[in-house]
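Participant: What follows is a structure written as structure tokens; I'll ask about it next.
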Amino acid sequence: MVVMARVPRPERPDLVFEEEDLPYEEEIMRNQFSVKCWLRYIEFKQGAPKPRLNQLYERALKLLPCSYKLWYRYLKARRAQVKHRCVTDPAYEDVNNCHERAFVFMHKMPRLWLDYCQFLMDQGRVTHTRRTFDRALRALPITQHSRIWPLYLRFLRSHPLPETAVRGYRRFLKLSPESAEEYIEYLKSSDRLDEAAQRLATVVNDERFVSKAGKSNYQLWHELCDLISQNPDKVQSLNVDAIIRGGLTRFTDQLGKLWCSLADYYIRSGHFEKARDVYEEAIRTVMTVRDFTQVFDSYAQFEESMIAAKMETASELGREEEDDVDLELRLARFEQLISRRPLLLNSVLLRQNPHHVHEWHKRVALHQGRPREIINTYTEAVQTVDPFKATGKPHTLWVAFAKFYEDNGQLDDARVILEKATKVNFKQVDDLASVWCQCGELELRHENYDEALKLLRKATALPARRAEYFDGSEPVQNRVYKSLKVWSMLADLEESLGTFQSTKAVYDRILDLRIATPQIVINYAMFLEEHKYFEESFKAYERGISLFKWPNVSDIWSTYLTKFISRYGGRKLERARDLFEQALDGCPPKYAKTLYLLYAQLEEEWGLARHAMAVYDRATRAVEPAQQYDMFNIYIKRAAEIYGVTHTRGIYQKAIEVLSDEHAREMCLRFADMECKLGEIDRARAIYSFCSQICDPRTTGAFWQTWKDFEVRHGNEDTIREMLRIRRSVQATYNTQVNFMASQMLKVSGSATGTVSDLAPGQSGMDDMKLLEQRAEQLAAEAERDQPPRAQSKIFFVRSDASREELAELAQQANPEEIQLGEDEDEDEMDLEPNEVRLEQQSVPAAVFGSLKED
């Protein structure tokens, strides 16, 4: 049933209620200022016709005009009602008016302003929308403007109205200056490049600016350079040249790009000569090869494009004489640029390090064939390079400069250059010494021998103030008198051109200054020997020995002793012995072998045999362990030759005690072999028995085979059994050592059957021992397998009528280890009586009787 109620006022529409509405109407009458009651009523009427719903909202807002909830729902519902209608429908105007009425009370609500502005944007009413945005910004506090501006800017960018957008952005940047990049991008897109460049320049100069896009100051600067250099006709308000040159001093690691940008600006502006000047300035100022390559390639490309453009213009308009001259000029300019590249690149490297000697030499080579440029380059080099900062050897510049004059026949100029070089305060004495040597070689090349000697004597003369060679506080001119390089050259010249006394004086002076080397000492002694001053030469050796210690004195001693023996032989034997003892006193083991052999040779040839043997004996103790084996071999050989092989027994015993197991084993075999040759079988067997203790049967099978062959030849069944017993004993000893080592390794790394980490937490202690026992049992089983099986005593039943063959078979089964000797040996043993011993007569080797060497 529908209840119709008329309102007495004519402007108010009739209110129509349904029976379901009465409870809500009654509640509203009781609480007409309750928002919740009205919202419940509105929620209930959501399915009602739109006019009825709007009427209900209007009734509620008339009583509660300041309710944000009611206005928000009402406006949202009104916008939804016209969403699918044409924007020219009058209903849109009603909704707009509804929003305007709402802002009478809700002008501080940014959400309503945003919805209204978006609604107007959808209608396409540009001016009305812009004014509404402005009203919203005026109505809202400044703290809420950040909610309006994103939509406002989107609205400005959505219409091709650059002036309106620019004005809006300018206002926005006052609120948010950090968003300047967004404005700059818009200006670029709208082709307002002049203002974009201005804004970008402002941003670059602002040190406090932080890019929202994460760009560095250099990236922004690079954008500015690209913008102003590529659009010279559109950017008029900025001084492009000053801006880019300011960047050259600011961003020194990107000079190549900035120079190219500046040249590109002038090229696009049509100022080609100015662009060429910029390129020339760039290639003369850049400091890195990368920047130079970048600028040079751009420069070459520019020249190529100019030539191509000129040729294209000439082909289109016809060639004239003036055009040909201009084209030839451009081609010549381009060729000159290409030919200058190595020199320009060298200039870049010298700007990086003007004290780089090698680069100066390369620069001279680039001027090959142009003497004036070479002289200028050398002059600039020697004036620029600081010897204390130089990379390389600075004296080579002076030497090469003088050599250039010499090659061109200007000897006086070359001498002047070298004379100036001798006055330069070099960092190292060796540099000045090299200059003096070059002075001498210059005179020698032109056969001015006296002048060469004069120069070197001048170089080695004592200065007014003496200084130590390595005293860096003194100039090198005061220290060059101790330079071995100059003295060596002077000594060579004196030997070739001077007298005996002058040469001797030079060598004596070298020794007095204590700057000699072992080779200098030997040369001096050889020089004296050539002139038959033998004792003087020996004194020279003595002076050299006093200057050096081991190992530097090794060559001097070897030469000295050799020369002394060859000179005197056995005539001054005691003096020779004293020299050897002096040489061996403090001699390192590494160098002792040669001296001992020389000493022993002296005693053998001129002295006593027992002295020689004593020297060999000392040598075996004095040399390095690695040389002891060789020394013992020599000792044994010489002892056998002098005294006979029987005298070598003590040497063998000592060698076996001293040498390592490997060499001792070899000595034992040789010792035993010698005893066999002498017929001392028991001695040889004792040696084999002793040596067996250091012979593991698993690795030294050759030794055991040798012993076995020995026993087969010279032994019997008992000795062979003893050998086998010893072998088993030794093998058991080595197996025990292996088992012990394996158990120790097992504690660290675990066994192959498992590890403690694999066990349960509660069983680690017990299973640790279990694993060790398993591993020990396994190793013991392997050792037992390696040993020959033991004889097992068995009880056999033998018939009384058993045949001889059956008894032999049972005996073989009862003792499988019984040694089967050959048939020949069995027959020999059967011929012998139990108490008989076979005696063999052997000849004594001639080596037993030694003697001294005959003269």
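Note that Cβ sites are derived from N, Cα and C of the backbone, with glycine treated the same way.
Copied straight from Swiss-Prot:
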type	residues	note
REGION	808-855	region 'Disordered'
REPEAT	160-192	repeat 'HAT 5'
REPEAT	198-230	repeat 'HAT 6'
REPEAT	369-407	repeat 'HAT 9'
REPEAT	643-677	repeat 'HAT 13'
REPEAT	679-713	repeat 'HAT 14'
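Help me picture where these features are in the structure shown.
Facilitator: For the repeat 'HAT 5' (160-192), the number of residues in each DSSP class (helix H, G, I; strand E, B; coil) is 27 helix, 0 strand, 6 coil.
Looking just at the repeat 'HAT 6' (198-230), the mean pLDDT is 83.
Note on the repeat 'HAT 9' (369-407): DSSP counts are 27 helix, 1 strand, 11 coil.
When Cβ-Cβ distances below 8 Å are used as the criterion, the repeat 'HAT 13' (643-677) is approached by residues 609, 613, 620, 625, 628-629, 632, 635-636, 683-684, 687-688, 690-691, 694-695, 700, 703, 706, 710, 714, 845, 847-850 of the same chain, each at least six residues removed from its ends.
Taken through DSSP, the repeat 'HAT 14' (679-713) splits into 27 helix, 0 strand, 8 coil.
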Participant: Quick one: DSSP breakdown of the repeat 'HAT 13' (643-677) into helix, strand and coil?
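Facilitator: So the repeat 'HAT 13' (643-677) is made up of 32 helix, 0 strand, 3 coil.
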